[in-house]
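This report refers to the structure that appears directly beneath it.
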Amino acid sequence: MAGTSGPLAGTLAPQPSEKYSATLFTTMDGQPDSYDSRNSTPSSVDITSAHPGDGTDSESEAAEVAHLAAGRLPEEVYERTLSPWRAAVRRRLVQTVEWESEIIAAMQAKVRNGFLDTYFVYTSTLGTHTFFTIFLPAIWIFGYAESARALLMVLGLGVYLSSFLKDLICSPRPFAPPVTRLTMGNHHLEYGFPSTHSTNSVSIALYLYSLVLQMYNGPEAPAAHHAGMSPTTYYVLTGLLLFYTFSIVYGRLYTGMHSFTDCVVGVLLGASICGLQVVLGKPLDTWVRTSGWIVPSIVVPACLLMVHRHPQPVDDCPCFEDAIAFVSVNMGEVVSRWYMYRNGYDEAFFSKIMPGSLHGSWLDAFTWISIAVLKMVLAILIIFTWRIFAKSLFHVILPPTFRFLAQLFTLPHRRFYTPATDYKSVPPDKGLRPIPSVIDLPGMVEIEMDGIAASTARRRALENSCNDIKLRTSGKGKADAWKSGGAGEKQDGMAAALAEYEREDVPDVIVKHYDADVLTKVFVYCGIGVIAGCGLPVMFEVLGWGVRIS
């Protein structure tokens, strides 16, 4: 395997799996045991051995490092839980993942090095919804509302449909071993099929290419060639879009996060979504612009129905939360756009041009850049302030509301989500994730070999003094979450299957979810859509900062 150099040298470099087996996994009698993520019933694992030599063996540390990978429960669980056709599709995909894992591992052995490790891990952040939470409002506040709406729509459809398929099929990611998995964030906790990163990158790149092609080859093509879009500019932009797409899609293979099948289906899904937007985008905008109350009367129930009918997975997969976020943002944006059209906040309202100019004197350039930076900082600050405030507010309001309504009729309940009747209040910090700084990013990178993920820097939060090593095993893990309820297919049979694999020596590591989280996310992200699409542009126009750059 290729040597490693660069910023992640010594941390992301492939290490012999025997080292991990000997030092990180021991059977309860003290003998080394090599764990294979393909094995549904691994040997007993002494979790307290996860940090050899660090002097920590508390139960909290044990709970922190143990985790089940999505799709790794015993096969009997999926057979008894999923409907026959879902189980059949999953069996076929698991067989595909099995042999594709060997191919990906062989590829990694030939091409991996420190520079590429760093590059593909960090470029993967360009396909996350956190990146787009910052990127999309910027398009709005600099005067490209139509493009921002289109990008938001393709992203929303991409995230929702890929998440829908992930939770519908419950297919695992490539097996480690033989694959070495590099990851940042919590994407490894999701199922593998299809690749959301591939879906998003392709849909975005194709839509942006349609804009480039329109400028280069549109009705005013000769003028564009000489003034706005020269052939050189066209080819450079096309090359950059191709390079961006390659970096994201191939990066999912390089980092061991997805199989070839995952990426191919993600690419096809992204291309289909972009085509749908190109064909239906303008008719949808015309409908929103010219229709009355029928718009919110259809959009709001449709989006809530999409949230309600999202498939319930076998594992506790975070795909559902991503789907809620993008569906809700689009709901807020469409409803706020309809409101703006009906109340005079259309294109004619946004007439002011940003002060300064990049093509004038140095003072004009300084003024323009200062206003641009100020607009970005203020926009991000407002969005994250709303996020924190709204989550805290609805975590207080919704639980007692649910408890009251539960006395009148049966409320819908989602698997892994604790009903309000079973808790008194949502913890204050529930769902409030810290915003990572650039300094913290290296500490979020993990390497997984033999079912182990090791962080490349200090552990976050309570883990500042020891290495960030997480064990991802199969077996018990989430049995109690299934026992506690949730409407789903063949619930009793699945719980019985899980019970056969319970292990008292492996601690439960269950991320606590509350029913209030679902509607809280709907309100929070709907508000973000309203703020980005309506509130911020109107505010900057009123302040005289403008949203047009020319």
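The backbone N, Cα and C atoms fix where each Cβ goes, glycine too.
Residues or ranges marked as compositional bias 'Polar residues' by TrEMBL: 37-47. The domain 'Phosphatidic acid phosphatase type 2/haloperoxidase' annotation in TrEMBL covers 148-278. Among the features that TrEMBL reports, region 'Disordered' is placed at 27-59. The transmembrane segment annotation in TrEMBL covers 119-142, 148-170, 191-212, 232-251, 263-280, 365-389, 522-540.
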Secondary structure tally of the domain 'Phosphatidic acid phosphatase type 2/haloperoxidase' (148-278) (DSSP, helix then strand then coil):
98 helix, 4 strand, 29 coil
Which bits of the chain, at least 6 residues beyond where the transmembrane segment (148-170) starts or stops, bring a Cβ under 8 A of a Cβ in it?
70-71, 78, 82, 86, 89-90, 93, 129, 132, 136-137, 139-140, 190-196, 199-200, 203-204, 207, 265-266, 269-270, 273-274, 276-277, 281, 284-285, 306, 310-315, 317, 319-320, 322-323, 325-327, 329-330, 333, 337, 529, 532-533
Taking residues 6+ outside the transmembrane segment (365-389), which of them lie with a CB under 8 Å of any CB in it?
133-134, 137-138, 141-142, 354-358, 432, 435, 524, 527-528, 531-532, 535-536, 540, 545
Stretch-averaged pLDDT - the domain 'Phosphatidic acid phosphatase type 2/haloperoxidase' (148-278):
86
